[in-house]
């Protein structure tokens, strides 16, 4: 009787803890010394077929540089390199071309480097057939994609790359300096006040100013940016301004297609410095996929011409600048930098931003951040972790804000009125509002433009957004909630904690409970933590009691005879009010777990008569009870 065998069905990729307590006794009644041991189970072997999830240059892209490298990122298990070479086929105008094939990023990134640059104007197709397999022998799902190479600069017309302001922009500062960037040098003699001019939609007359040809961006040879400097700030105009470009030619002698760009002026000049609102991956991030991109969100539109390979750089550990493409969202305030090739695996990457300006020339303060890549690409589908209000919630204040939390940073440009909105079930209309993002881009917040109607059912929708590597969010069941009959002005407070502050001999299998004075946003607990010795303790959170009770379940047993600290800060209620003061609570664990069932050992008074009306009924338990579990529904005088 010295060996006990327990055969569990252990989950894959988990920490398993074996515990034997002093309740075990030998035949003489001697207690066992408390004992515990841990082990880690292996990850499950997935059997899904790998597939291509991203192609760079993007499928259907045009005007691609002839010296571009083709990159395919795959999901699932790592590929077997021996099966890839003969499975990849690259065709140029229908004819196969040769090149070097190499794998990186945990063998989930395939690069094709052509033996010679692609031909100008060619259609390039990439095929990866099912003879490619992963390391477990699963055949890859066949893939095909294509892009078009740019035309020959010697014989094609210069193409407009960027405009400042962008077409149909609104609320443009009165001291704006319009600029237009082309993909090749222009003939300087043709850039004059006759061929390029700014016209007021209110007066129909050209705006006085100076036209010049300057260099900008990454175009070889320069002389590719038309710049117009008004003599004085623009006049406030109820109509639009428009910039005409006519009769220009490239340095190659080919005429530029005439174009007109429109914008609406605001009511004042702008002298404020542009600032970065968020940058992802966040500074210090680790495990970033080798297919990672960089997304920079500014507090206002920036001059797209000032954003180029010189002003925004991704540098790897060997101080090599990573070639990248740059794109903007429709507001001109969100910039996406996409590396052309996979980032080096397990390497520190540095992002530098310096020289970017807003529409009038105000320069940003230089910024440098760093992140570290993981072993391979990130192909995990983004999912919604939770919403606030949660589905089924009632009595939601009419001034509530809508919050959706994702499991990873999301591309802000993909979260819009089609992928994230609030729906009024009575009017069958979307509720207008403003969307903002957390600094780490994992949380999207919708602030309705007007208070919600009382006693009405609303639905939160979120579907189809993408993360920073282009993985598309799957379908998410909407969350339905019902509003109360008033708004809320209260501020969240902690009204109860278990284990209590200063408590000792706490069982090592304790689940922490935090009680609040009002329902809180489940997505706002990022600053709620459990630590020991300054190190975080992994926990899983859950909510009950109408989102007023937060439970934190440790992923493993707590250490015996050890002090722990619970910190609570930054918690918000449905209306977006943040708790005013951070709070901390400490407790010390005992020697082992507690699996004994608590019992009632006595009640006073019990079975007596003639008891005074000032009696205080008392119930005695066999062990400490969690005071937060005592409520009017389970402990009362009847």
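Yeah, the Cβs are placed from backbone N, Cα and C, and that goes for glycine too.
Automated prediction, rather than curation, is the source of TrEMBL annotations.
Computed from a predicted structure; not experimentally measured.
Residues or ranges marked as domain 'SbsA Ig-like' by TrEMBL: 48-148, 155-245, 270-373, 378-483, 491-589.
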Seminar exercise, completed: Rounded mean pLDDT within the domain 'SbsA Ig-like' (378-483) lands at 91
Problem set entry | Feature contact check the domain 'SbsA Ig-like' (491-589) with the domain 'SbsA Ig-like' (378-483), CB under 8 Å, 3 or more pairs | yes
Problem set entry | CB contact flag for the domain 'SbsA Ig-like' (270-373) and the domain 'SbsA Ig-like' (491-589), at least three pairs under 8 A | no
